[in-house]
Each structure stands twice: as C-alpha cells, then as structure tokens.
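**Q** Below: one structure in structure tokens.
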C-alpha cells in the first residue's frame, strides 16, 4: 500500500503538467469559439441591418405608390370637374397635353364636323359590295399593288437594351394624366405606329374566310370568336409602346396572299382616335372600327382600355358582328420584368340572328391558375347555350358541347378546392410579379374541336421587339411602294424609320421635331379658327349598334392623293 502511494506521488507532477496543457488548450479553444461567436454576431447584425434597410425601402416605396395612386384618382376627378393645375399640365413638358374637359370639347367639335357626306351611314349590307369595287378598275391590278412582292423576315437592326433606362423617372411626372398625352423617351417605343399595331388584327384573316365558307350560323360565330381572340394574341410580350400617330397620318396594307387590303387614318388627336377599314379582295367581308385607347397609370401597372366598336360584315351571308376588345394591362413598369395580361368580358353580337358569344378573358389571379385563360358560350337570342369555347389568348381556342364543358368545370373546381385545402398559403401581400401558370398548354376536353392555334414566332423575335412574322413586315418599304402610297403613310415617318434602322439618337430628334411641328400646326388652326378635316373617314353612328363610330368614306384606292397635309 505504501509502495502504491509512493508511485502515485511520483506520477502526480506528470498528471498536473498534462492537466495544465489540457486546460491551456481548452482556454484557447474557448477564446477561438468566443471570437467566432463575436464574428457571427457581428455579421448577423450587419445582415439584419441590411434587411431592415430593404424592408424600410420597400415600405417607403409602397407608401409612395399608394400616395401616388391616390393623387392620380384625385387629379383624374379634377380633370373631369375642372381645369388641372398648370404645374401638372405644362405644355412645355408634356406632349400636346389637354385637360379632360378640353378633350371632351374637342370630341364635341368633331361630332359636329365631318369631311364627307353621311349619306352612306344607313347603307344596307347588300349594297356595300358595289362600293368595294372602288379602285379595282383603275389601272387593273396596279391599283391594288403597293410594290412589295416578297416580304422580309427581319428588321434592319435589333432592338436596344432598356436596362439602363428608368421608366419610373418619366411616369412619376404623369400622375393624374392620360399616358397617351405624355412624351415618352423613344427607347420605350417599338418601331411601329399605333396604326400599324392595329393592322395586326388581320394576321389571322383566314378565320374570316373560313367563317364565310360555313352555312351554319353557329359555326360562323365560332370562327368570328376565334378571330376576335386571335386579334389580341400578338400583344403577348410586346412591352414596347407603339408611336402615337400624328393627326392625319395614314397606313395601308395590301396582302394578296391573305386576301385583304386595309386603310387606316388618325382621325382625332384629342382624344386620340384611330379608324380602320379592311375588305376582302374577293368581296367576301368588310372589317372596320375606330379605337380610342384610354391609358391609366395605377402605380405598379399601366392599363389600356380600348374604347371603340369593332365590326365584321360577312357579305355572302348578310351578317354583321360587333364587339369591343378586352382591357390590356402591363405590370411591373417600375421594377421587375414587364408582363402583360388581358381581362374583361367580350360580347360578340350577330345582328342578323340575335346570337351572342360572351367570352371572359380571365385575370391571372393570385396563384396564376387563370393566367391567359379565355372561356365562354355561344347563346341564341333566348340565351340557350349552343356551344362552349375555351383556351388561352396566347395559344389556342377550342369549342365543345356546353354540357361537357360544364361537367369538366364542375370537376375542375372540386379538384382546385381540394388542393387549396391541402396547402397553407400566405396571402398577406399581393405581388405584382408574373405568376407561373399550372401548365403552358391547354388541357383539351374530350370531344373538343380546335378553332385556332397561334403561329410560332420567328427565331429572332426576342431581338426584334418580340414581333411576330406578320408584324415584321408592316413597316417595310421600297422605291416602287414610295411612288404609290400617299405622303401621309407612316412608313414614311422619319422617327420610326430611324429607330427601325438602329439610329436611336436621330429617332429621338425626329420624334421631338414632329411633335413640335404638330403642336405648332394645332396652334395655327386655333388662331385661324380652322377645324381639322379628315380625308378618308367621317364620323357617324355605327350602322348596327348605333354607337359613335368613324366610317370609311371611300375613294382611297383610286390613288388620287391631292391636297394632303404636310405632317412629316
């Protein structure tokens, strides 16, 4: 026992020495851990500080947007009730800015003044075929031709990047104003006039020819509905703003391959109204209308409400259809990726049979399930459902038996409610970001018939302002065409031509020059009390629904272009 105690006494210094080493190592480890903890705490503090800063910025921006939107509505009311503050509507700062009351007075003056006789306003459908022969006997086929035989597949220059430009710096000055009266930097434009943009309604003209070929009125309505949906399909991803047409500006398009010719004219500047008239080369249809695009700024988005009536006449059947387009909204105009949706009801009326097609362009909703969707019914005059239509305005449109469609909708609604109940989703804040749809394609209900499918865009579309193949050719011109078209045709606008050629500085200078020239011409007319007279259209009631409209006066295709205004 004594021996063991002696051995333990001898080993004690060694144990103590090792304990000191372990203790020192533990201290160093603790110091290191403490330093790491301090560093982590410091980094976490920085991150929290940055997060608080971002949250504060977002809060300030949201409050600012809410305030601006409120000011917008208040100022809009003041524009209707009386004159706006001069600080808001400065003619030096904005493009031909007028108050709403002035716009209404301009419209009233236009109602009292027409360039031509209104004798044709009550003209029956059966007598319109004779007028359509106008221009076809003057020089044979030359009266129809405007020089272009083979169409281009690309623009002369790709689009400019908008990443270095802030649209907010412009729009923050526009609260309480209609955006159609604002001078926008040319970088936010696309190299087309709004008159040319309207012409894109005609991209799927084959649907009109197809409608004329059917003997059944329901089948004709299906094709007309498909045409109405296809008319807005080209707007998808087209976030560039078309150039505002100058008063008296015109545009023509002759497409022998598609079987139509079209003439359009900017008939009013305040409010901005564009009138168009297209006709089939085989005397099978007339398609006409007048559009007043009323734009509103809602803080995070711009909404375009296309006021005006669109009319399609199928001459072989003595039928006339009328409708208005859905509302278009561009989101994320301040920050984020721009995206477009169409929403609202479109009611197409067959004025001969009394049949109606009511289409609902659905808003995307919070979760994006309804993004791009269109659905509705064709009903007879007693409101009996004859057919159901569904699809997406960006893709396609189908028809199906209404009972089959209703059963599918009922089952789909049940499945949707089950999915919602199985998910815990926060809806505390609505986002303006583009929601992702459940799928990019439309689920085809068994028994459906395809009415229309969009044509794929060209491979270079993204570099060419997201133009379709049809849009790519709208501004093309050659020397033969220049000798045929009138000098007011927007193909001859120097600002649009410069932008198409990639000369952005020249386009900006020319745009400013044309706006100043138009403003000076308006002032001169005001001083001399001279009223503007339209050349190719006159104002009058729509022959079928009585709404205020602009109707084609005739004689354009005679090619006798005298006393045209010098607008460029």
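Including glycine, each Cβ sits where the backbone N, Cα and C put it.
A TrEMBL annotation is a machine prediction, not a hand-curated record.
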**Q** TrEMBL tags one of 23-50, 51-78 as coiled coil - which one?
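**A** It is 51-78 that TrEMBL annotates as coiled coil.
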**Q** If you check TrEMBL, which stretch out of 359-385, 386-412, 413-439 is marked region 'Disordered'?
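**A** Residues 413-439 are the ones TrEMBL records as region 'Disordered'.
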**Q** For which of the residue intervals 466-498, 499-531 does TrEMBL record region 'Disordered'?
**A** 499-531
